[in-house]
Every structure is written in C-alpha cells, then in structure tokens.
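Below: one structure, written as structure tokens.
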Amino acid sequence: MKWNGWGYNDSKFIFNKKGQAEFTGKRYRLGGMVLPTFKEWIEKTFGASLEHKTTSRASLNVNDVPPSIVNEEFLQDLRATKISYSQDAEDRVFRAHGHCLHEIFVLREGMFKRIPDIVVWPVCHEDVVKIVELACKHNLCIIPFGGGTSVSSALECPEEEKRMIISLDTSQMNRILWIDEKNLTACVEAGIVGQDLEKQLAESGFCTGHEPDSMEFSSLGGWVATRASGMKKNIYGNIEDLVIHIKMVTPRGIVEKNCQVPRMSTGPDIHHFIMGSEGTLGVVTEVTIKIRPVPEYQKYGSVVFPNFERGVACLREVAKQRCAPASIRLVDNAQFQFGHALKPQVASIFTSFLDGLKKFYITKFKGFDPNILCVATLLFEGDREKVLQHEKQVYDIATKFGGLAAGEDNGQRGYMLTFVIAYLRDLGLDYYVIGESFETSVPWDRVLDLCRNVKERIVRECKEKGVQFAPLSTCRVTQTYDAGACVYFYFAFNYRGISDPIHVYEQIERAAREEILANGGSLSHHHGVGKLRKRWMKESISDVGLGMLRSVKEYVDPNNIFGNKNLL
C-alpha cells in the first residue's frame with residue numbers, strides 16, 4: 001500500500017517519456033495501457049501543464065513524526081497479554097489518517113500534529129476485550145482502524161488529546177467463523193476487507209453482493225460503523241439490510257442480541273446505535289450477515305440519453321416500477337467526457353472504425369449532441385433467463401425516454417473505472433490539481449435542481465475565492481430508491497497561484513455542502529459524518545436527536561475512551 005496516496009504501490013497513473021498517460025501494474029484491466037487523449041483532457045479541463053510539476057516527499061522522515069506519549073504501566077500490562085503491538089513511526093503515521101484531500105496533502109507536504117502513540121493488532125474478539133479493559137484501567141484513548149479508507153476525517157487524532165492514543169487495527173481479525181447454508185448467513189470477523197470476504201465466500205459458492213467503491217481496502221467493521229452502501233444495493237441491499245447480528249466491545253461491556261433472527265420487535269433496534277456510530281462507542285468485532293449463492297449469470301450494459309434530464313427521468317421510472325438492475329448509474333456529460341478521456345489506445349484500425357461509426361450514429365442520425373448527452377451504465381445479475389427478461393424491461397423503459405443502447409463494453413468499462421478513478425487524485429496533485437468527491441441522498445423531485453445548483457455554486461465559489469482556472473464540477477446518480485436517489489459529486493481545480501489551496505478547497509466544499517442541504521439533500525448518503533461534517537449534525541437530526549446520541553455516548557463510554565470526536 002502507498003504510504004501517502006491511494007491504493008497499491010504498483011498501481012498509479014503516470015505520464016511516460018512521450019508525454020502520454022498510462023496506468024501501471026497488472027491488478028486492473030487498465031494496467032499497462034496507454035491513454036492517448038487523457039493529457040489533452042487534463043490540459044483543456046484544468047489548464048494544467050506537464051511543465052508545471054510538484055513532487056511529493058519520496059519517503060517518510062521519521063524525525064518529523066511527533067514522539068509517542070507513553071504510559072509504561074499500560075505497556076507492561078499489554079505485554080502480558082501477548083497481543084502484537086508497534087510504536088514504530090511508519091506504523092503510527094499509516095494509521096493516523098484516512099483519505100480526505102487535506103490528509104493526503106499533509107502527508108505529501110508535512111506531518112500531522114497528533115498521531116496514534118501505539119498500534120495494536122488483536123486477532124480475535126477476546127483480544128479486543130482485553131485491550132478495551134486495559135484502556136479503561138489506565139484511562140487511555142482508543143481509535144478503531146479498519147481499512148483506512150475514511151473520507152470524513154474520522155481517523156484523525158484530536159490535537160488536544162493528551163492521553164496515550166491506541167490505534168486498534170482490526171486487520172488480523174479477518175476470518176469467516178462459520179457459514180450457515182440453510183439460513184444463508186455467515187459470521188465474519190470485522191477486520192476482513194471486502195475483496196477478501198467475497199473471495200472466501202465464493203470458495204463456498206456464496207457472496208454478500210456488497211461492493212462499495214472502496215471494497216478492495218475497506219473492512220466489514222468499517223461498513224457497519226459508517227452505514228455503508230454498495231454499488232449493487234438494488235439486489236443485495238445496503239449494510240443495514242445485510243446485517244443480522246453484531247457483536248461490539250464497549251467500555252461498559254459487550255453489546256449483542258440474545259439470538260440471530262431476521263427481525264425483532266423489542267423496542268428500538270440496538271443495531272442502529274452501532275451502525276453509523278463511527279468508532280465513538282466501541283469496536284465491532286463480529287458481524288453475522290446475509291449471504292446468497294453466487295449469481296449464475298452477469299451481464300453489463302449501457303444506455304446513452306440525449307441529456308441528463310431524460311436520464312434522470314428514466315432512472316425515476318425504473319425505480320417506480322421496481323425493476324432496477326443490480327447497478328444502474330447515470331453520469332452527466334462532464335463525467336462522460338472524463339470517462340472518454342480514460343479510454344485506452346485502440347487495438348486496431350477496425351476497432352477505431354467501429355467506434356467512429358457508433359459516434360456518427362449517435363450524434364448524426366439520432367441528433368445527440370456530444371456536449372450534452374449522458375450515459376447510464378448497467379449491471380444485471382442472477383438467473384440467466386430472468387436477467388435477459390429484466391434487461392429487456394429496462395431497455396424498453398429507456399427507449400421511452402429517448403435512450404439508445406450503447407453496448408456491454410461501455411457498461412463493463414464504466415464499472416471497472418470505478419476502482420481506478422481514486423488513483424487519479426495522486427496524479428493530479430503532481431500537477432497542481434486538487435480534487436475530492438462528496439455525496440448526498442435527495443428526493444426524486446429535487447434531483448435535477450440539486451445537481452444544477454450545487455455545480456453552479458462550486459463554479460461561483462471558485463471564482464470568488466480567486467481560483468484562476470475553471471473547475472471540474474460534475475456528478476452522477478449512483479443509487480436509486482423508491483423515494484429518491486444518491487448523487488455523487490466530483491470537484492477539482494488547478495490551484496496554481498493560490499497560497500493556501502487546502503483552505504480554499506475546504507471553503508468551497510463547505511459551501512457546496514450548504515447548497516446540498518438548502519436543496520433538500522442529506523448530510524451524507526454513505527460516507528458518514530466523522531469530524532468533517534459534524535458541524536451540521538444538529539441541523540440534520542434536530543437538537544433532541546443530537547441529545548439522544550450524546551446520552552448513549554455518556555452511558556456507554558462515560559470516560560470517553562473512544563475519543564476520536566466523530567459525530568458529536
């Protein structure tokens with residue numbers, strides 16, 4: 001893993017000696033391929049130039065790392081448990097952050113003022129119980145760490161925390177404890193990451209179907225703690241739909257239900273105190289989740305619409321008829337152009353000719369304007385015959401809204417790009433381009449207004465804050481529901497000429513979030529709150545609602561052992 005960027009060390013976007021973009025490594029389908037139009041796109045979109053380059057520090061300077069606060073009595077007790085731990089500077093820094101823009105920028109340019117003092121690696125539920133008991137005994141602070149993919153500042157250590165901070169890394173708690181084939185459930189340790197969970201379940205012929213964009217690195221416990229959502233939630237559900245049972249260690253003891261049943265009517269569901277608690281109440285150690293047989297058939301697809309409005313109307317009708325495929329995602333024109341710029345070099349003249357023919361057909365015969373059109377990518381899963389019926393139903397609806405089938409390849413490519421787009425930010429930072437994503441959920445009747453107003457607000461704020469180059473302000477509709485949808489924004493700009501780009505960026509992002517709330521959107525759909533968005537919690541859940549959360553926190557953790565300061 002990269003110590004100061006996203007993902008694997010061997011996977012990244014670079015500009016080669018010819019000035020062409022390419023993606024390194026062999027982990028992704030894009031690996032080793034040249035992207036001939038990407039350089040032109042980044043220059044045109046951001047005013048960036050390969051001549052204007054900024055470089056990150058090549059390695060961590062341990063002299064920059066804040067010294068550990070050490071509680072010797074705790075260390076003595078910890079050694080007696082035989083639980084692995086480290087006070088190494090690199091181990092501590094790696095777990096001091098998530099993947100917010102400002103966190104990665106700090107790693108490239110300087111160092112955090114406060115980081116964990118020690119990292120511990122429990123291997124089972126009982127180890128976590130011992131660590132929490134010792135933290136309570138010595139009045140220390142615990143910050144749970146799963147996959148480290150947070151984009152809400154949730155993992156940042158509070159600067160004012162004077163107690164020894166323990167980073168409780170759950171990565172070694174990564175086993176499937178049992179699979180119940182009759183009840184289609186599995187009990188899994190919370191530290192397992194998504195791709196390993198799916199791989200291990202597949203060996204027994206099962207899957208969860210939960211695929212967040214971060215599934216390569218994010219953990220099951222992290223999904224529970226942040227109320228995560230996945231790309232295929234239409235079939236498999238969000239994390240709250242998948243969870244049957246949770247075991248969590250708190251300073252007051254262990255929280256769990258007395259049985260593992262699909263539903264209980266025993267007052268408010270205690271699982272909903274745990275889901276979304278973001279490490280403020282305890283550590284999730286084991287989760288029982290629903291599983292399903294691996295689908296026998298999978299088919300990708302895509303639809304081109306003449307404009308974004310028609311695309312949204314189609315998605316609304318698909319949701320109304322409750323016939324959404326496993327995944328249906330609609331990108332606006334700016335994101336369509338972005339995706340097109342990431343197209344690899346064609347393998348042959350024949351392929352190039354076909355691409356040209358398709359483009360001619362869409363833009364000339366159908367009258368689609370390439371500067372307005374938008375694209376929906378589709379993924380169908382299940383029984384082959386039912387998938388084909390389902391596919392026809394969705395395409396028939398799309399046709400009513402002016403949609404034109406655009407092939408399986410485009411759909412599959414769009415799905416694949418989901419996992420590599422996160423690597424682009426590191427390339428952008430090398431050329432003075434900073435960017436981030438943020439999301440919301442919104443009622444159907446507000447989708448178009450919210451998308452338009454937020455994008456316009458970003459452009460306006462950039463101009464007012466002295467950003468010299470036009471920003472990229474783009475969105476996609478990623479998940480659909482009966483009553484609304486999730487909208488996911490990308491925002492980036494060239495910061496050359498700005499002395500404090502992160503401050504400017506955060507001001508603009510804050511304005512965008514205010515605009516989302518003013519347009520009837522939620523504070524978050526699946527990224528969570530952390531410390532980044534907690535200023536809006538009272539507005540989001542009311543004074544009384546916030547008081548209820550505080551009361552739970554005060555009862556479960558009166559001494560603030562889980563003191564990451566998220567949510568409240």
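Every residue gets a Cβ built from N, Cα and C, even glycine.
TrEMBL lists Tyr488 with the feature active site, proton donor/acceptor. The feature substrate binding site is assigned by TrEMBL to Arg425. What TrEMBL lists as domain 'FAD-binding PCMH-type' is 112-294. If you look up TrEMBL, you'll see Arg329 marked as site 'Important for enzyme activity'.
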Report task. Identify, in sequence order, the residues in the chain of Arg329 (site 'Important for enzyme activity') that are 6 or more apart from it along the sequence and have a CB within less than 8 Å of its CB; answer 'none' if there are none. Result -> Met231, Ala376, Thr377, Gly414, Arg476, Val477, Thr478, Gln479
**Report entry** Other C-beta atoms that fall within 10 angstroms of the C-beta of Arg425 (substrate binding site)
**Finding:** 20
**Report entry** Other C-beta atoms that fall within 10 angstroms of the C-beta of Tyr488 (active site, proton donor/acceptor)
**Finding:** 22
Report task. May I ask for the distance between the residue listed as 'substrate binding site' and Tyr488 (active site, proton donor/acceptor), taken between their Cα atoms and rounded to an integer number of Å? Result -> 16
